[in-house]
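Here the structure is laid out as C-alpha cells; the discussion comes afterwards.
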Amino acid sequence: MSKDKALLRRMDSSIDTKLSFTYEDVEQIASHILDRVKCRPKLGIICGSGLGKLADLVQEREVIPYTEIPGFPSSTVPGHEGKLVFGKLSGKSVVLMQGRAHCYEGYSPQKTTLAVRTMKMMGINTLFVTNAAGGINRNYNVGDIMVIKDHVNLAGFAGVNPLVGVNDERFGPRFPAMSRAYDLDLRKLALNTAKEMGFGEFVREGVYSMMVGPNFETVTECRFLNQIGIDATGMSTVPEVLVAIHCGMRVFGMSLITNKVIMEYDAEDVANHEEVLQTGDRRSTDLQQLMTQIVDKVEL
Ligand SMILES: O=P(O)(O)O[C@@H]1C[C@H](O)[C@@H](CO)O1
Ligand code: HPA
C-alpha cells in the first residue's frame, strides 16, 4: 500500500462522507496535505471556470489531486481540474486551487468551502478568488475583468450559507462583519497595477452576486440584479469569501466577464458554459499577467 493510501486509511474514514467538518477534521486534513509538500505558502489562489491555466506559471510545482485529499469534494465541472498546486509564483510561495467545488454540484456549503478553512489551517492568511461571471452592468464587455468591491449573497437569502450551524469560535466569531470583505488596499493595488500595465480600459471595479445555479438566470432575474446594483453574477465565490473572512483571512477577488447576460425577452441568444470557457481561454494570458504582477507586489 502506498504511503498516501496508508495515511488515508489511518484517518477517520467517515470524513469523506461528512457534510460539515469540525476543527479537528480540518486540522487532520491540513496536516495530511502539509505532510506531502515542502512548500509553506501564505497566499492561496482559487481559480475559476477556465482560469486554471495560471497553474502553468507556477514553478517548483508540487501537485495533489483533490481525490487524494480526505473530505475534499472532487471537481465535476469542465474547466475545473481538481488539483492543489503548490509552488512559486512571482518568486512567492503560493497554493493554487485549480478548480473549485460549487453548491450546484450537490455539495453542502460547508463541503464547498472546506478548502478555505484547510488553507487557513495550513498557514495561509491571504486569499485571492477568481471566477467567471455574466456581465449585468450594460457598460461591461465580454472579456472585461472586474475587481470585486462587494457582493450580494443571493444564495444566502435562500439559506445557502456555509456559516449556518454550530459555530466553533476557534474558526471565527458567530456574527462576522462582512462590510469590508474585499480588502481596500488590495483592490487599489490591483486597479493601479492594471493601469500601469495598460489594462485600464478593460479592468473595472464592481459588485458580484451569487445564485446557486446550475441554470443560468432568467431575463427577469437579470433585470432584477441590474436594478439592485449588481455588476456581474455567478455561481461561486461568495461562500468561500464568507468562510475566509470568518476565519480572519484577507480577501481579494476578480471576476472575468465571460458573457453578457440576456436582458431582452425576445433575444435569440442563450447563455452557455462553452462561451464561458472560450472567453476564459481568450483572456487567460491577460488575467495571468495581471495576477502575476499583483502577486509580485502584494505584501504577505
Ligand atoms: O467557478 P466559477 O464561478 O468561475 O464558474 C462559473 C459559474 C459556473 O460554475 C460556470 C458557468 O459557466 O462558470
Ligand atoms: O451568466 C452567468 N450567470 C451565472 N454564472 C455565470 N458564470 C459565467 N457566466 C455566468
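Backbone N, Cα and C define each Cβ position, glycine as well.
Every protein chain shown contributes to the tally, and the Cβ of His102 (phosphate binding site) ends up with 23 other Cβ atoms within 10 Å. Per TrEMBL, phosphate binding site is recorded for Ser49, His80, Arg100, Ala101, His102, Ala132, Ser236.
The purine D-ribonucleoside binding site annotation in TrEMBL covers Glu217, Asn259. Under DSSP, Glu217 (purine D-ribonucleoside binding site) is assigned to coil, being neither helix nor strand in the three-state scheme.
Confidence across the domain 'Nucleoside phosphorylase' (42-295), taken as the mean pLDDT and rounded to a whole number, stands at 94. Residues or ranges marked as domain 'Nucleoside phosphorylase' in TrEMBL: 42-295.
Report note: the phosphate site is defined by Ser49, His80, Arg100, Ala101, His102, Ala132, Ser236, and the residues of the same chain whose CB lies within 8 Å of the CB centroid of those residues, excluding them, are Gly48, Ser75, Val77, Gly79, Gly99, Asn131, Met235. The most crowded of the binding-site residues listed here (Ala101, Ala132) is Ala101, judged by how many other CB atoms sit within 10 Å of its own CB. Under the three-state DSSP scheme, Ser236 (phosphate binding site) falls in the coil class. Of the recorded residues, Arg100 (phosphate binding site) and Glu217 (purine D-ribonucleoside binding site) place their C-alpha atoms 21 Å from one another.
Max Cα-Cα distance over the annotated phosphate binders (Ser49, His80, Arg100, Ala101, His102, Ala132, Ser236) is 14 Å.
Cα spacing between Ser49 (phosphate binding site) and Asn259 (purine D-ribonucleoside binding site): 13 Å, rounded to the nearest whole number. A simple Cβ count within 10 Å picks out one of the binding-site residues Ser49, Ser236, Asn259 as the most packed, and that one is Ser236.
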